[in-house]
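Enquirer: Shown below is the structure under consideration.
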Amino acid sequence: MALVAGVDSSTQSCKVVIRDAETGTLVRSGRAAHPDGTEVDPQAWWEALRSAVEQAGGLDDVAAVAVGGQQHGMVCLDESGEVVRPALLWNDTRSAGAADELVEELGGGETGRRAWAEAVGSVPVASFTVTKLRWLARHEPENAARVAAVCLPHDWLTWRLGGAAGLDALRTDRGDASGTGYWSPATGEYRTDLLERALGRVVAVPTVLGPAEVAGRLPGGAVLGPGTGDNAAAALGVGAVAGDVVVSIGTSGTVFSVAEAPAADPSGAVAGFADATGRFLPLVCTLNAARVLDAAAAMLGVGLDELAKLALAAPAGADGLVMVPYLEGERTPNLPLATGAVHGLTLRTSTPGHLARAAVEGMLCALADGLDALLAQGATVNRIILVGGGARSEAVRRIAPEVFGCPVLVPEPGEYVADGAARQAAWVVQGGAQPPTWSAGRSEEYAGSAVPRIREQYARARDLILDRPAAS
Ligand SMILES: Nc1ncnc2c1ncn2[C@@H]1O[C@H](COP(=O)(O)OP(=O)(O)O)[C@@H](O)[C@H]1O
Ligand SMILES: O=C(CO)[C@@H](O)[C@H](O)COP(=O)(O)O
C-alpha cells in the first residue's frame with residue numbers, strides 16, 4: 001500500500017494527514033498549533049509541521065508529500081536563504097495604504113482596479129503579497145534592501161522539506177502564485193513589472209509548476225508535490241466540480257467555485273485565483289469567520305457547543321439584534337479599519353441567546369454577500385459545501401440554509417485542505433491528466449427555508465459601519 005501525506009499549514013494550526021494513495025483511506029494524522037498574531041516567524045510553521053508530522057507517525061513510509069498553506073503571506077529571504085523578517089500574514093492589514101497607492105498608480109478608482117484585475121485577476125487589498133512588499137519598501141527600507149527572494153508560506157515549507165538548496169530551488173503552483181498580485185492566472189506568467197513597482201526592483205520568485213509536477217524530494221526520497229494555497233487544496237479535498245460552491249469557515253471565511261475561465265472582477269470583491277488542477281478558482285474572502293464564534297463564546301463565557309445551543313434556542317433574526325462581525329477590520333468589503341458592531345439592543349434582545357444567534361447570523365451574512373458577488377461574476381450554484389473548523393458548529397450548519405436560502409451539504413468533519421494536498425501528492429505519484437478518484441466520505445444535508453429578514457436587517461446595519469478609533 002503506497003502512502004501519501006498532505007499538510008495544511010493554515011493560520012491557526014498545522015495539520016498532517018497520511019492516506020492510502022490509491023483509495024484515499026485515512027491511515028494516520030497529526031496537528032500542532034501556530035502562534036497567534038498576523039506577523040509570524042516562519043520557523044514557527046516549520047516547528048509545528050515537524051511536530052504534526054511526528055504525531056502522524058513520521059514520513060519515512062510515504063511516497064509523496066504536498067503542502068497546502070494559508071495564502072498571500074510574505075516570506076522574504078536574503079541571498080543565503082535566511083528569513084529577512086517575520087512573515088506578514090494574509091490577515092495583516094498594515095499594507096492597506098500600500099494597496100490604495102498601487103491602485104492609484106495604475107490609474108486610480110475604477111480605471112486602476114480594472115487595470116489590476118486585468119493584469120493579475122484581482123484588485124490588490126492589504127491581504128495580497130504585492131501590497132506587503134510595497135509596505136516593506138516604504139517602512140523597512142533596510143529589510144527591503146536585503147530581500148533576494150520572496151515566496152509564500154507553502155512555498156517556503158516545501159523548500160525546507162526539500163532541503164532548502166538555494167533560492168533557485170524555490171517552487172510554487174498556479175493556485176498560490178495567483179494570490180501574490182504579481183502573477184497572472186490568465187497568461188500563466190509572472191508580472192515582474194508589478195513586482196518591481198511594489199518593491200522597487202525585481203527579486204527571485206519561485207518557479208511555478210503545473211498541478212502534478214515534482215517540486216523536489218525529501219532527504220528520505222519521498223517526492224514533493226508542488227503544493228498549493230489552502231483554498232485550492234480544499235477544492236481538491238472535497239472534489240469540487242462545476243456548480244459546487246465551497247464555503248469555508250476557518251480563520252478566514254471563503255466562498256469559491258471551480259471555473260473553466262479566469263475571473264477579473266474590477267469591483268475587487270471576487271479574487272480571480274487559479275486552482276490546483278489547471279482550472280480557476282474565483283473566490284471571495286472575509287477576514288472574520290470562525291473567530292467571530294470564538295469571540296462571541298468568550299463574551300458570553302461559554303464554550304463553542306454551548307454557544308451553538310444558545311444560538312439555536314433563539315429566534316431566527318434574533319428579534320432584530322444584528323452583529324456586523326468586522327472584528328479584525330474587513331477585506332470584503334474592503335474596510336481594513338472597520339470595527340464590529342452590535343445593533344438592535346433592547347431589553348428583549350439583551351440575552352445570551354440573542355447575542356449568540358446574532359454572531360452566527362452576522363458571520364454567515366458576510367459570507368452570503370460573498371456568494372452574491374461570486375454569482376454576479378457568473379458562477380452557478382447547484383450545491384453549497386460547508387467546510388472548515390466553523391462548520392463543526394451545529395448552529396452554523398442549521399442557520400446557514402436560512403441565510404443562504406438553499407440547502408447546504410456538510411461533509412463529515414475532516415481536514416479537507418490537508419486531504420486536498422494528499423490527493424495532489426497521490427496525483428504526482430500516479431501521474432495522468434486528472435487527480436486520482438478517491439471515494440467521497442459521507443455528507444449530511446442541512447435544509448431549511450430562507451429567512452430573508454436576516455439578510456435585510458444585516459444589510460442595514462452593515463452600511464452603518466464605523467472606523468477603528470486611532471490607537472492611543
Ligand atoms: N465545534 C466548533 N464550533 C465552532 N467553531 C469551531 C468548532 N470547532 C472548531 N472551531 C473553530 O474553527 C477554527 C479553526 O478552523 P480551521 O479551519 O482549522 O482554521 P484555519 O484553517 O484558519 O487555521 C477555530 O477558530 C475554532 O474555534
Ligand atoms: O487570504 C485568504 C484567501 O484569499 C485566506 O483564505 C487564507 O488563505 C487563510 O486561510 P485560513 O487559514 O483561514 O484557512
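Cβ from N, Cα, C; glycine included.
Okay, so TrEMBL annotates it like this:
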DOMAIN    4-218  domain 'Carbohydrate kinase FGGY N-terminal'
SITE      ASP8  site 'Important for activity'
BINDING   GLN71, HIS72  substrate binding site
ACT_SITE  ASP230  active site, proton acceptor
DOMAIN    246-427  domain 'Carbohydrate kinase FGGY C-terminal'
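Any idea what these are sitting next to in the structure?
Expert: Proximity of ASP8 (site 'Important for activity') to non-local residues of its own chain (separation of 6 or more, Cβ distance below 8 Å) is seen for CYS14, LYS15, VAL16, GLY68, GLY69, ASP230, ALA233, GLU415, VAL417, ALA418, ALA421, given in sequence order.
Under DSSP, HIS72 (substrate binding site) is assigned to coil, being neither helix nor strand in the three-state scheme. Residues near HIS72 (substrate binding site) in space but far in sequence (CB under 8 A, at least 6 apart, same chain), listed by position: LEU89, TRP90, SER127, PHE128, THR129, LYS132, LEU152, GLY179, THR180.
Within 10 Å of the C-beta atom of ASP230 (active site, proton acceptor) sit 34 other C-beta atoms, taking all shown protein chains into account. Secondary structure at ASP230 (active site, proton acceptor), taken from DSSP and collapsed to helix, strand or coil, is helix.
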Enquirer: From the recorded positions listed here (ASP8, GLN71, HIS72), select those whose CB sits under 6 A from an atom of ligand 2.
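Expert: Checked recorded positions vs ligand 2; flagged GLN71, HIS72.
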Enquirer: So what sits near GLN71 (substrate binding site) in its own chain, CB-to-CB under 8 Å and at least six residues off in sequence?
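Expert: Looking at Cβ-Cβ distances below 8 Å from GLN71 (substrate binding site), excluding near sequence neighbours, one finds TRP90, SER127, LEU152, ASP176, GLY179, GLY229, ASP230, ASN231.
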Enquirer: Would you report the average pLDDT that the model assigns to the domain 'Carbohydrate kinase FGGY N-terminal' (4-218)?
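Expert: Looking only at the domain 'Carbohydrate kinase FGGY N-terminal' (4-218), pLDDT averages out to 98.
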